[in-house]
Amino acid sequence: MSQPPLSGIKVIDFTGVQAGPACTQMMAWFGADVLKVERVGVGDVTRRQLRDIPDVDALYFTQLNSNKRSLAIDTKTTEGKEVMEKLIRDADVLVENFAPGAMDRMGLGWKHLHELNPRLIFGSVKGFNDDSPWSDLKVYDNVAQCAGGAASTTGFWDGPPTISGAALGDSNTGMHLLIGILTALMARQKTGVGQKVSVSMQDAVLNLCRVKLRDQLRLERVGYLEEYPQYPNGTFGDTVPRGGNAGGGGQPGWVLKCKGADTDPNAYIYFTIQEQNWARTCEAIARPEWVDDPAYATAEARQPHIFEIFDEIENWLADKTKYEAVDILRRYEVPTAPVMSMKEIAYDPALRASGSIVEVAHKQRGTYLTVGSPVKFSDFTPQITGSPLLGEHTDDVLTELGYNPEAIADMHAKGVV
Ligand code: CAO
């Protein structure tokens, strides 16, 4: 392919923190011209959050804003708003994830954007849908994980609701928004008209929790959930409990300890007991007698003492590292993988080879490590480049819009850019 798939698509990236930037970053990876519009002298708050090097853009920013250009401009000034409106007239997509009402307060609500450019697609992230009783709330990732059902179903039954390390509220919402924007771009090919695409973080989390809603309905009908650790020896209330590390499907599984767990907090594997693979699983863990033993032979017979079975498997794992264990178990088709630490992920040669972890150049840092595209194409390889410095492309963009050097200097002097 000579051109990246989204080349020619102009995106105004009016986003901050994680949910919006994750969406526009992926558009940039796929070839769109993504212009990040940021506050003068401040920029996206993540430039300064959790810095590891003084006065240098934080990794939080660099990992979510690669392949973009940056325009620093005060969009609340007359001149700044004029620049924004020029950009909007020529853009395909504008994405924002400000606090509820912020776009309207800036005079850039959907109605006005649509009038300025009927072809424009307007992507918007908020914590909650417009008709939610919580629509006015400011929301970060963990808030959404709680509101979307993930927290109440994550963790152990004797502990509090728990947040996932995966950004289910943030980057996940950005991915949902991206699907919506690409769909709207396809619709525009037929109609010639853009539309507003909204995703609430609560909905994006819920969309990943559908098996938990499935479980709620099952629980209401039969009063128990046979794949949860609470079955059959514990009790169920009227809502889906936290299931620890239980599998979410019909195959029981658990995180099991391997050799070295006393000193390495990640010396574990996930072990799945696949029903149709029970005989080979027994062979793999050197318990061939379990194949025909009535106490072990069926899933129903195993469930009452499933934790004794997991204990036995841990005994088998005690003299094997997680990698050795997986190497044995893979030969018997046991669905399994080591628990990977972030350190192992960062230096994993296979993830590097596949472009899933990449090292990119940055003007202040030298290089930095970041997550590359999780989407692989047969005819296109995303080229990940570093994130822009604040306002790095301000003058270029103003020149492209037709401002002469004097006008640009005047805007600098007034603090508009
Ligand atoms: N020039 C001038 N003003 C600008 C500007 C620019 N280039 N860019 C932003 N602003 C203004 C906004 O208009 C807003 O002004 P008002 O408060 O007067 O309307 C102000 O800067 C701050 O906007 P904000 O949305 O960033 O506000 P915040 O930091 O208080 O809240 C957040 C942050 C994330 C809680 C909120 O934006 C939010 O709830 N967003 C929706 C959900 C979301 O995406 N959450 C974050 C997910 S990632 O963790």
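Just so you know, glycine gets a Cβ as well, placed from its N, Cα and C.
TrEMBL labels come from automatic prediction, so no person has curated them.
As recorded in TrEMBL, the features of this protein are as follows:
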| type | residues | note |
| --- | --- | --- |
| ACT_SITE | ASP170 | active site, nucleophile |
| BINDING | ARG39, ASN97, PHE98, ALA99, ARG105, GLN274, GLU275, GLN276 | CoA binding site |
| BINDING | GLY249, GLY250, GLN251 | substrate binding site |
Highest Cβ count within 10 Å among the binding-site residues ASN97, GLN251: which residue is it?
ASN97
Entries of ASN97, ARG105, GLY249, GLN251, GLU275, GLN276 (binding-site residues) sitting next to ligand 1, with Cβ under 6 Å as the cut-off:
ASN97, ARG105
Non-local Cβ contacts of GLY249 (substrate binding site) (under 8 Å, 6 or more apart, same chain)?
VAL211, GLU227
For GLN251 (substrate binding site) and GLN274 (CoA binding site), what Cα-Cα distance in Å is obtained after rounding to a whole number?
5
Where does GLY249 (substrate binding site) sit in the DSSP three-state scheme?
coil
I'd like to know which of these binding-site residues, ARG39, ARG105, is least surrounded, judged by other CB atoms within 10 A.
ARG105
In DSSP terms, helix, strand or coil for ARG105 (CoA binding site)?
helix
Just going by other Cβ atoms within 10 Å, which of the binding-site residues GLN274, GLN276 has the emptiest spot?
GLN276
Just how many other Cβ atoms lie inside 10 Å of the Cβ on GLY250 (substrate binding site)?
10
With an 8 Å cut-off on Cβ-Cβ distance and a minimum sequence separation of at least 6, pull the same-chain contacts of PHE98 (CoA binding site), or say none.
PHE14, GLY16
Using an 8 Å cut-off from the Cβ centroid of GLY249, GLY250, GLN251, can you name the remaining same-chain residues around the substrate site, in sequence order?
GLU227, GLY247, GLY248, PRO252, GLN274, GLU275
For ARG39 (CoA binding site) and the residue listed as 'active site, nucleophile', what Cα-Cα distance in Å is obtained after rounding to a whole number?
21
With Cβ-Cβ distance below 8 Å and at least 6 positions apart along the chain, what are the contacts of GLU275 (CoA binding site)? List them in sequence order.
GLY250, GLN251, ALA299
